[in-house]
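Submitted below is the structure of interest, expressed as structure tokens.
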Amino acid sequence: MAPPAAVVVGHDFRFGARRADGPAELRQLLAGAGIGLSVVEKISEQDGDKLGSTAIRELVGTGRVERAAERGLEAPLGPASAAVGLGASTRSWLHGPAARVCASWLWPNRSAGRWAWASPGLLLRWRPMADKLFRGVFTALVTPMDEEGRVDDDALTRLVEAQISGGVHGLVPCGTTGEAATLSQAEHVHVVEVVTRAAKGRVPVLAGAGSNSTRKAIELARACKELGVDATLQVVPYYNKPPQDGLIRHFEAIADAVALPIILYNVPGRTVTNMVPETVARLARHENIVGIKDATGDLHVAAQLREQCGEAFALMSGDDFTLLPFLATGGDGVISVVSNPAPALLVSLYDAFVAGRLDEARAIHFRQLALTRLLFRDPNPIAVKAAMHMLGIGGTAVRSPLRELDLDGPLAASLRACLRDLGLPS
């Protein structure tokens with residue numbers, strides 16, 4: 001009797017293919033159990049990369065996976081197959097011989113790691129290691145506007161270039177700093193499009209696509225997916241104060257509807273509702289919910305999140321004030337406001353910490369705190385837009401009911417002096 005075959009149905013998304021040695025590692029590991037390996041990247045052009053577990057069930061049911069396997073793969077999917085897999089939810093419909101081994105490949109751009117037995121003889125899963133997509137310094141981009149309040153595409157493109165030149169690890173358009181709350185949906189999608197086009201795949205784009213309406217959040221996430229973003233940032237719904245089980249239903253509905261990784265965004269100072277660590281841990285079980293931006297500024301919460309959600313879950317700070325202790329607590333990075341004017345400074349802090357140069361990281365942290373205090377003296381993004389204007393990128397305009405910073409006032413004078421002290425031309 002021929003050995004069973006583990007068939008891995010995989011994704012091929014815009015940002016980065018999965019590691020070339022991943023299938024080789026898996027093949028070697030399975031060989032010891034007498035199991036062959038086939039990898040189906042795409043079933044057909046029609047199917048594209050939309051291979052969620054529901055789609056896999058349909059493909060298996062119609063025999064299309066088997067036919068694809070017959071076009072040159074090592075073994076067709078059949079009764080002797082050991083597994084079909086994508087994520088944890090796939091296991092819910094595996095049974096009989098197929099349940100012997102589940103080769104589970106999570107999002108290729110979620111993490112890197114090694115294949116390892118999670119449960120001997122039952123489940124083979126991708127165990128993430130340190131090389132996550134969502135780590136390091138991601139900039140919460142301002143949305144530059146002209147004097148009439150229109151989005152300034154040229155300034156936004158120059159901002160993206162400045163960020164990438166400064167070494168940031170990712171870009172976050174249309175978040176709080178990007179004034180998403182006062183952008184029309186058409187403007188929102190346009191800003192994401194400009195940023196994604198300017199980034200040219202050089203760094204991941206994590207697009208804000210949240211709403212206090214589940215339906216609207218799904219619409220925005222779908223629009224962002226069509227533009228080729230790498231993930232969406234989904235804020236805790238604001239104003240309507242959902243309970244914790246309502247938050248679970250909201251985020252799971254988005255994750256089920258749109259095949260993109262999600263970074264949750266907990267910012268109770270703006271949304272009123274606080275998403276507790278137990279709720280985040282529950283959501284972390286969903287294969288498409290891969291991390292959180294924690295803007296509570298509470299290091300005890302950060303420690304709970306790391307403890308309850310595991311090492312694979314991306315833990316990003318949303319509070320520049322506590323960046324260094326957040327990293328020390330187990331955080332993976334920051335979605336930063338301060339990196340708008342000072343990308344290289346924030347990257348140097350992160351690099352020093354990761355390299356174990358803690359004295360250097362601490363010194364940089366205290367340097368950036370002076371700028372952080374000034375940028376948050378007025379409600380964000382009033383001061384950071386003024387800072388970017390001083391650096392030659394965009395105007396000071398913000399959407400009403402916010403108001404521009406007085407460039408002749410004392411805060412602006414302090415901001416100019418701080419930028420000069422940091423070696424930033426203002």
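Backbone N, Cα and C define each Cβ position, glycine as well.
The following feature annotations were taken from TrEMBL:
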- T176: site 'Part of a proton relay during catalysis' (SITE)
- T177, I335: pyruvate binding site (BINDING)
- Y239: site 'Part of a proton relay during catalysis' (SITE)
- Y265: active site, proton donor/acceptor (ACT_SITE)
- K293: active site, schiff-base intermediate with substrate (ACT_SITE)
DSSP secondary structure for Y239 (site 'Part of a proton relay during catalysis'), reduced to helix/strand/coil, please.
coil
How big is the gap, in Å, between the Cα of Y239 (site 'Part of a proton relay during catalysis') and that of T177 (pyruvate binding site), rounded to a whole number?
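Pair distance, Cα basis, whole Å: 18 Å.
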What does DSSP assign the residue listed as 'active site, proton donor/acceptor', in three states?
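In three-state terms, the residue listed as 'active site, proton donor/acceptor' counts as strand.
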What is the number of other Cβ atoms found within 10 Å of the Cβ of the residue listed as 'active site, proton donor/acceptor'?
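Taking every protein chain into account, the count is 27.
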Name the residues of the same chain, 6+ apart in sequence, whose Cβ is under 8 Å from the Cβ of I335 (pyruvate binding site)?
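The list for I335 (pyruvate binding site) reads F138, T139, A140, V172, G175, L206, L233, K293, M316, S317, G318, given in order along the sequence.
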If you count, for each of the recorded positions T176, T177, Y239, K293, the other Cβ atoms lying within 10 Å of its Cβ, which residue has the minimum?
Y239
Using Cα coordinates, what distance in whole Å links T176 (site 'Part of a proton relay during catalysis') and the residue listed as 'active site, proton donor/acceptor'?
10
According to DSSP, collapsed to three classes, what secondary structure does T177 (pyruvate binding site) have?
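Going by the DSSP assignment, T177 (pyruvate binding site) belongs to neither helix nor strand, so it counts as coil.
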